[in-house]
Amino acid sequence: MDDGRISRHGSGARLWLAGGWLLLALLAAIFAPLVAPQDPLAQDLMFERLPPFWMSGAEPGFWLGTDSLGRDLLSRLIFGARIAFIVAFAAALAACLVGSTLGLVAGYFGGWADRIISRIVDVWMAFPPVLFAILLVAVLGTGLSSVIIAIAVIDWTRFCRVIRAETMGQARMDYVENARIAGYGRIGIMLREVLPNVVPSIVALLSLEMGIAVIVEAILSFVNLSISTDDPTWGGIIAEGRLSIHQAWWVLVFPLVTLILTVLSFSQFGEGLKARFDPVLR
Amino acid sequence: MLLQRFLIRLLTMAITLFGVAVVVFVVIRVAPGDPIAMMLPPGATDTDIARLRALYGLDKTIVEQFFIWLSGVVRGDFGTSISLRQDVLGLVFNRLPATLELAIVALLMALAIGGTTAILGARERGTAVEAGIDIASGAALSIPDFLWGLVLILLFGVLVPIFDISGRVSPQLDLPFVTQFYLFESIARLRFDLTKDLLGHMLMPAVALALPLAAIISQLLKQSLKEVLDLDYVVLARVKGFSETQVILREALKNAALPTLTLVGVQFTFLIGGTVIVERLFSYEGLGNMAIDAVINRDLPLIQGIVLVFALLFVLINLTVDMMYALLNPRLRHG
């Protein structure tokens, strides 16, 4: 689907723009207590639903305005980035590890291993993913680790399907046959010869999956089933914004823009990396 | 050949559904928290609890419970909802039409938007028009339905409030419908005033669901069209004096559509999966919205029923697409 010609032209700028935003958001998350102008949990009914800085009625220090409880929106977004990035990294890595391993095994060994793994993938694909996530978090109990586990349990199939197909293609190539003639063992060939060739796809998927994990966390927060503490999350802010949309549009607009930029950046960053490292496209 | 393929697919379908049933059953039974305890008012005696547990079969072992439930499911008995105290199958059938209508309208929109932009992009290949379409479809694809829904709520619910952002139909309307397929029935009854109201409610959730799929259709169909447009028979048609649009519509589209068709099948199941959160977002009274309530209320029989119906829908769609592909693809038909 992705045209190599376009990828090569756009990949530099794309990589920098997307990487720049992600780096900015990551730094804000890490140094949240230092960069957030206000306490994200501090409520002040004198300051409820303040508009952003360029509108009349804004208060200095509350750059993006406040929500219905008078909490500073910018500070809540910055602290929300912490949850978003923790979930993105942990859930995507876990899904990647499980899915890529199973995909590699299914694609390289074929036979019964492939049949069993593919059947499990079929079963998983028959679940509506959002409903599955909500169900898992309801079962595991709300909390950060539940959210991470739920996303990994659902989305490993994405890695498994792609890596399985790619490994099958690689396994038919001459270099694999040569390695076998040279006397390497099957697991050795799989890890040393085939794996490096599917790494560009894994990296692109990993970045894409981080974006998806951020969305799923937001969806879970939106239906009030993410982390149960008072910590601000992007989805939680969006849920508040959806309720007060006619009184304070900014409570919905800013987390939405943040979320869109982050998701776009993760997918573009992955595509950009893939275009840069894929020997065929390069 | 075709029959054999069909039977094999039917068998794998049954295995997949059995797998879904097992997974859902196990996941739910692992859940902490007693759904029975939540149903009873405070101060209920232990005998009351025990009686209710027995009524819902929760006093048996998990394997017994599974096979009791499964044998019921096979006979069409999905049990009784704990929170709504109604027959699960009845509840599901009551809500399923709303979700199906939404999904079908969204699919038609995706086909219309994706098809049009693909044809336009293929006709104007190599120009700024094609580049614009590529950028738009890239963005539409990267942003998931949940976020599109929120963007639409802001744009057309708040900024320019022209559409309803909540519910399936205006509550003050008097509905003459005998089925739950309100939209289709309103068209069949020629009650276009109701059709307009229903579509007004459905439009934004449907667009949110349609945009990512439209982008995929657009990209893939455009790619296949461009490949077909270089083939000899298409060049011949061009030499005969047909305009580029005529060439695409009359000659190229037929052959370019097959790969897209396969993909649309899988993607349609993703779209249906997306209805769960999009219905929630727009307070649309469909199956997905009920599913989230069922999870929040720990209504085990209802969750099981809904998930199984979704899974059945998914495998049926995949089966249909697979059969259509086999029928339309000459290589498979004669192979």
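Glycine too: its Cβ is placed from the backbone N, Cα and C atoms.
Just so you know, TrEMBL annotations never went through curation; they're auto-generated.
Annotated features, as they stand in TrEMBL:
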- B:7-31: transmembrane segment (TRANSMEM)
- B:96-325: domain 'ABC transmembrane type-1' (DOMAIN)
- B:102-122: transmembrane segment (TRANSMEM)
- B:143-163: transmembrane segment (TRANSMEM)
- B:198-217: transmembrane segment (TRANSMEM)
- B:256-282: transmembrane segment (TRANSMEM)
- B:302-328: transmembrane segment (TRANSMEM)
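Within the chain carrying the transmembrane segment (B:256-282), a Cβ under 8 angstroms from the stretch's Cβ atoms is held by residues 99, 102-103, 106-107, 110-111, 144-146, 149-150, 153, 165-167, 201, 204-205, 208-210, 213, 216-217, 220-221, 224-225, 227-228, 288-289, 291-292, 310, 313-314, 317-318, 320-322, 324-325, 328-329, all 6 or more beyond its ends. Among residues of the same chain six or more beyond the transmembrane segment (B:302-328), those with a C-beta under 8 A of the stretch's C-beta atoms are 2, 5-6, 9-10, 13, 16-17, 20-21, 24-25, 28, 69, 73, 78-79, 81-84, 88-89, 91-92, 96, 258, 261-262, 264-266, 268-269, 272-273, 287, 290-291, 294-295.
Within its own chain, the transmembrane segment (B:7-31) is flanked in space by residues 62, 65-66, 69-70, 73, 298, 300, 303-304, 307-308, 311-312, 315-316, 318-319, 322-323, which lie at least six positions past its ends and keep a Cβ under 8 Å from the stretch.
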